[in-house]
């Protein structure tokens, strides 16, 4: 039956009215309802797949396909809004080149490092993986096996990977790509507070009187949070916004105090503000006396380069970078005294009046301050110091752990906090802030995991940058990466990463959804399920854990990373990967598979599939015969419950738009360390930084030190890399969305117009960006969103056709091991005028 638009509207209105009144429907209305049922959409909640903000979206599915999404109006984080990437979530899974079957490099029907990719079965793929790992462990020990994971792993994927590597293969060589983005934030928290993750939450935005952005372009990288900051600024005229960066970007549009500083001199500015607070009498003496102590950190700590690099050989304290000594307040005041307004203005290039206006925001006792930072701070050879120094300002003034007063580290990935940090998928960590080097922590993990003593190795494994070096050097023989694209995102691709991956001694496996640069450089590609093709959990920047159900099936033979990890564990018996002396402590485990020991261990497999909410698929439960996700989560939660990392019971999260840990007696925590908000703070104490036994936070004396590489006559420009609004990280998802790719198809070299003119170039000219390590070609942009000062260029890293990380330096913070992508020296050469 065909209806005109007018007839359709009338019939639809009749149907609604009749249904509301309980009346029988007219025949035309009945037909309409029947036809509508054929096009019915099923809507369910899920956290966004992109950044660490943790927006919730409503996902519409029909006929095993995601067909639409919109912002979740019930979500506290985004309140129904999405950024431009979020609006196109429904398209990220359906690129024409989606991987749907395992692919192995082969020649004449057998594996060959120089062969072409050919389809194989999952059994064939796992057979060669198992063969390579068994051979590597037998010949060289657990150190020969490594894994590179992700802040995009779901909580249970990261947890399963951690167990398989650290307990099953007994190798701590597992690290997430969050090493590139959040490791300095982690160590900043750990050094200052003795515990990781923010004390505040997004609610601080609506209570703050000032916002200070340190190396954070929130307008493009965290636009939903920026909309809340903007609303606060425009609706409360007394609110002020300060933005600090090495170049102007869109966040400067809202800035009352704009500050463009010379690279690395943020350390000078931070120490100047501390000095201003002291000299102006703005120290909160009562707070400082009760809740803090002072420490002098080691200096001259090197740059995390190879040991034979002259910069490392000259560094006096490279071996003890993460050490400090006690000092007094008076000694601290004397330490920061040389960081005067005059010196800071001269060396940073920022006008003195702007520096003073910034310092006054922190010093004013009547103004609540929220500090935000992301990669500008963290991707820094002194990123941990920068984190420590921003905490100094909040601690000296007592502006912390209360509504509106909040130093807040923003995250870039959806579960960099919930998986990489909280689960502990770093090479030196275990769940809930525990460390592999701590015997008590290893003992706790071994008890929870039901393992014999001594299973977990005490030596930290290779971190992300070191993994590339060890592949190149032939130390790592088997390397499995999941949910990451390090061949595009990692530093110094041509000298370190590519030679390592293509080392004839190495066997590299990539689990992904698209044929990324990394996949194309691998030996074996495994097709993965993504986002709502599996049941998942993420943890966002404000400690909010969010769950979602599996809503559709993955295409072809694609499988979730969780299935891959757990199914693969069946290929090994303990006799093949554990030494005899370890098995002697647990004779019942002899001959058992790692699957039986790690996953079918009476804990992980205790929840039957029947507990899955009716109406939802769960491919892993179907494969293994139990509710795997629930079992992994409840076992993992044992690490944190009772230790200020409390997670709610598993079933609570499917009913909520996320809960912020610690969750005690069903109540989430918005402000940590503050009495009345945090259940772990003792009554009458007001504030307790209970990460340390004395419940005091550390205020660090740390100096300015220069970057690892700076411009010179041969390479006269600074290079900074980063992102743009329309694309996320390496663009493997967003570049496959026609609207986003069409908006920004290519990475550009953002440059000051006068620098372009000096090169006899102009907007649109093609140039080479050349460093001591590699080069790329791209076109110049002298207008638009990013406005570098003279002597600096900015190039985003989303474009696989313009791999800017061929150019970058693999210098890292010696404490956090996080890469500095914001500072290296390049030269620019004109290719064509355009």
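Using the three backbone atoms N, Cα and C, a Cβ is placed for every residue, glycine included.
What Swiss-Prot annotates here:
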type    : residues                                                                                          : note
SIGNAL  : 1-29                                                                                              : signal peptide
DOMAIN  : 41-97                                                                                             : domain '4Fe-4S Mo/W bis-MGD-type'
BINDING : 48, 51, 55, 83                                                                                    : [4Fe-4S] cluster binding site
BINDING : 85, 152, 177, 181, 214-221, 245-249, 264-266, 375, 379, 485, 511-512, 534, 561, 721-730, 805, 822 : Mo-bis(molybdopterin guanine dinucleotide) binding site
BINDING : 797                                                                                               : substrate binding site
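Taking the features listed in Swiss-Prot, we show where each one sits on the structure.
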residue: 48; record: [4Fe-4S] cluster binding site; DSSP class: coil
residue: 55; record: [4Fe-4S] cluster binding site; DSSP class: coil
residue: 85; record: Mo-bis(molybdopterin guanine dinucleotide) binding site; DSSP class: helix
residue: 215; record: Mo-bis(molybdopterin guanine dinucleotide) binding site; DSSP class: coil
residue: 220; record: Mo-bis(molybdopterin guanine dinucleotide) binding site; DSSP class: helix
residue: 248; record: Mo-bis(molybdopterin guanine dinucleotide) binding site; DSSP class: strand
residue: 534; record: Mo-bis(molybdopterin guanine dinucleotide) binding site; DSSP class: coil
residue: 729; record: Mo-bis(molybdopterin guanine dinucleotide) binding site; DSSP class: coil
residue: 797; record: substrate binding site; DSSP class: coil
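Looking only at other Cβ atoms within 10 Å, the busiest spot among the binding-site residues 85, 534, 729 turns out to be 534.
Per-residue pLDDT, averaged across the domain '4Fe-4S Mo/W bis-MGD-type' (41-97), gives 98.
Within 8 Å of the centroid defined by the CB atoms of 48, 51, 55, 83, the record's [4Fe-4S] cluster site, lie the Cβ atoms of 50, 53, 54, 78, 82, 85, 86, 223, 224, excluding the listed residues themselves. Within the same chain, residues at least six positions away from residue 724 (Mo-bis(molybdopterin guanine dinucleotide) binding site) with a Cβ under 8 Å of its Cβ are 220, 744, 785, 796, 798. Taking the C-alpha positions, the distance from residue 375 (Mo-bis(molybdopterin guanine dinucleotide) binding site) to residue 51 ([4Fe-4S] cluster binding site) comes to 13 Å. Checked against residue 215 (Mo-bis(molybdopterin guanine dinucleotide) binding site) by C-alpha proximity, the binding-site residues 48, 55, 83, 797 yield 797 as the nearest. Taking CA atoms as the reference points, residue 85 (Mo-bis(molybdopterin guanine dinucleotide) binding site) and the residue listed as 'substrate binding site' are 17 Å apart. The CA atom of residue 248 (Mo-bis(molybdopterin guanine dinucleotide) binding site) is located 18 Å away from the CA atom of the residue listed as 'substrate binding site'. Residue 729 (Mo-bis(molybdopterin guanine dinucleotide) binding site) is 15 Å away from residue 48 ([4Fe-4S] cluster binding site) when you measure Cα to Cα. When the alpha carbons of residue 51 ([4Fe-4S] cluster binding site) and residue 729 (Mo-bis(molybdopterin guanine dinucleotide) binding site) are compared, the span between them is 9 angstrom.
A coil conformation is recorded for residue 724 (Mo-bis(molybdopterin guanine dinucleotide) binding site) in the three-state DSSP classification, outside any helix or strand. The binding-site residues 55, 83, 534 include none with a CA atom within 10 A of the CA of residue 797 (substrate binding site).
Every protein chain shown contributes to the tally, and the Cβ of residue 220 (Mo-bis(molybdopterin guanine dinucleotide) binding site) ends up with 20 other Cβ atoms within 10 Å. For residue 729 (Mo-bis(molybdopterin guanine dinucleotide) binding site) paired with residue 83 ([4Fe-4S] cluster binding site), the C-alpha to C-alpha distance reads 15 Å. In this structure the C-alpha atoms belonging to residue 83 ([4Fe-4S] cluster binding site) and residue 534 (Mo-bis(molybdopterin guanine dinucleotide) binding site) are separated by 24 Å.
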